[in-house]
């Protein structure tokens with residue numbers, strides 16, 4: 001069910017602000033692609049254009065093309081709601097619905113898709129929580145509030161919620177930046193397992209993390225404050241971290257700036 | 001938000017304390033002044049509540065002693081007769097009925113307005129509309145009363161007749177002597193009056209919904225309405241109940257508009273289209289001026305009942321809000 005994403009000539013704006021400029025790349029299915037780069041270089045903005053979440057901010061708009069296999073996500077007859085049902089997202093801060101139980105959090109997306117049968121819901125909730133490596137920790141308290149879990153557990157709950165609807169692509173926006181090292185490790189292990197089924201794109205500030213979890217790495221940068229972010233290069237992760245083609249990439253990964 | 005202001009003031013006072021002292025100070029004096037003044041405000045509030053209760057009871061008891069009828073069950077209100085005969089039953093019924101109907105009509109509309117302003121309206125329209133709704137709260141209740149008596153009531157006359165003609169099989173719409181000065185008219189006017197408070201508080205509550213929750217719902221592929229149902233309404237639930245209860249409190253205590261609209265008639269009747277009906281507050285406004293010694297005591301006793309009803313309503317609302325506390 002994983003699909004390839006092909007982005008060509010993509011620009012994103014916030015009102016009059018040009019946030020990212022002319023990005024083209026291909027994201028391979030069943031692999032992990034990491035976005036790295038200094039703060040404000042547009043990685044998260046770019047990520048959010050891939051499931052049309054960018055445009056929920058008032059005044060925000062996108063130009064260019066994003067193809068999911070052979071479907072244009074920005075086609076004139078495409079409903080952004082339908083896009084988000086096939087391109088799931090995990091956010092920087094764990095954001096389970098505070099008013100819902102653990103079970104209902106995972107089932108939330110399923111109910112949107114019209115799954116109503118209790119037995120089917122039970123089955124998918126269990127499978128998703130197992131898929132997010134959370135089942136053993138919460139199986140005895142599924143009716144407890146999701147917000148009562150620890151930060152790392154909440155983030156895994158959010159991953160379970162995202163994969164419950166079996167998306168084609170899973171976008172992760174710095175999923176570990178609010179977590180401790182042990183929870184981070186748990187999430188990274190999970191990403192490694194999930195990539196056998198999903199196309200995964202992860203934004204991270206942690207270069208070791210990018211090196212550990214990803215197959216391909218894209219480096220973004222900005223020329224200066226107020227200038228739009230650009231894709232500098234994308235290549236196999238091993239190549240980016242050992243022998244990048246661009247000087248800027250090398251400077252960044254060796255810590256000479258940013 | 002309040003706590004932020006509190007902290008701000010506290011550091012402010014602490015800063016002043018340091019400036020006044022010669023030595024390095026941690027500003028404990030400022031802290032103490034602040035703590036005492038905050039505590040003082042709390043105590044004053046309790047004292048006012050107690051003083052009101054004591055006053056009501058103290059003035060009510062002699063009249064209640066003189067009463068020949070059972071105060072709680074008697075429907076007539078003749079405290080100036082000899083012997084005095086009066087009871088709260090009809091007034092309490094009218095009060096609860098009109099307020100409840102008003103709440104029933106106002107809450108869905110108010111929540112709808114708040115949702116529209118917060119999530120559907122274009123931004124420029126939204127701010128203007130919000131302002132307009134708040135303006136509704138600034139209309140004096142006497143104006144609502146005049147409008148209700150001379151314009152709206154006459155229109156409701158026809159509405160009442162229509163409902164009575166076609167829906168009299170519903171007990172509420174049955175009965176005869178249908179007219180515009182009915183409990184229904186009063187309820188509709190009350191509904192309009194409590195609309196702004198419910199709506200603006202609900203809007204505030206919606207503003208508090210974390211963006212993270214809204215985005216979580218959107219990212220799952222929720223439509224706008226599904227996002228509202230999934231992230232906004234559950235989060236705002238207790239706030240909306242509080243808003244409705246504040247509205248109910250206002251409806252229960254509303255005096256002059258209701259006193260003007262209703263044509264007083266005695267006896268409990270569930271036929272809300274009938275001319276007549278009365279409420280506690282309206283009855284006090286209408287009869288206080290010409291009441292004698294016992295009459296005033298009796299009215300104060302009815303005020304005490306209103307006080308207790310409001311208290312119960314508020315406690316009920318708190319209980320509802322607290323029931324699912326662990327989830328918010």
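Each Cβ is built from the backbone N, Cα and C atoms, and glycine gets one as well.
TrEMBL labels come from automatic prediction, so no person has curated them.
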Given ranges B:251-273, B:274-296, the stretch to which TrEMBL attaches the annotation transmembrane segment:
B:251-273
For the feature transmembrane segment as recorded in TrEMBL, pick the matching range from B:8-27, B:68-87, B:128-147.
B:128-147
Given a Cβ distance threshold of under 8 angstroms, which distant residues of the chain, six or more beyond its ends, lie next to the transmembrane segment (B:42-61)?
296-298, 300-301, 303-304, 307
